[in-house]
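Residues or ranges marked as disulfide bond by TrEMBL: 22-145, 59-65. The annotation domain 'Peptidoglycan recognition protein family' is assigned in TrEMBL to 23-165. Taken from TrEMBL, the feature domain 'N-acetylmuramoyl-L-alanine amidase' covers 36-171. Sequence annotations record features per position, and here TrEMBL assigns signal peptide to 1-20.
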């Protein structure tokens with residue numbers, strides 16, 4: 001095997017290992033995001049992951065989740081006057097991750113943490129029940145993906161939105177669930 005072919009095989013193996021840790025990510029273009037301009041995240045890799053729920057309708061299909069992403073973006077931009085959807089990523093109960101602001105962009109999701117965190121959430125309301133297994137697995141894979149790609153620090157801390165500001169988010173049931181996830185920090 002020549003050197004070029006060996007390098008190509010090695011690169012393929014490395015990329016396969018990274019992508020295997022990542023859930024299916026639906027890009028902004030794929031869900032129909034509006035154009036937006038957001039700032040670079042000043043502290044990278046991000047030392048915090050802040051978990052949210054959207055406190056709205058759940059979604060279990062690609063079409064329904066894309067519609068929810070557009071609805072949330074419109075609410076954040078038109079209702080709140082923000083530059084874009086507030087979250088870096090959201091996850092649907094179809095098991096897909098949806099790119100919000102994306103990696104390396106400063107969010108508008110948790111005052112005091114926006115310049116040093118990746119804001120992730122699950123689409124839906126999770127006060128009385130937790131997200132399904134597909135959504136929970138995708139959210140945890142997305143965190144691992146962010147670490148492996150160098151966007152989230154390997155020694156990151158996970159918190160629920162309610163730990164950053166007085167809010168019910170990410171819902172009582174989901175908050176109790178994430179308290180059992182790796183790197184959860186109860187002492188913020």
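Note: Cβ is positioned from N, Cα and C throughout, glycine not excepted.
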Cβ neighbours within the same chain of residue 65 (disulfide bond) - under 8 Å, at least six residues apart: 26, 31, 59, 92, 94, 96, 98, 123
Per-residue Cβ crowding (10 Å cut-off), top of disulfide-bonded residues 22, 59, 145: 59
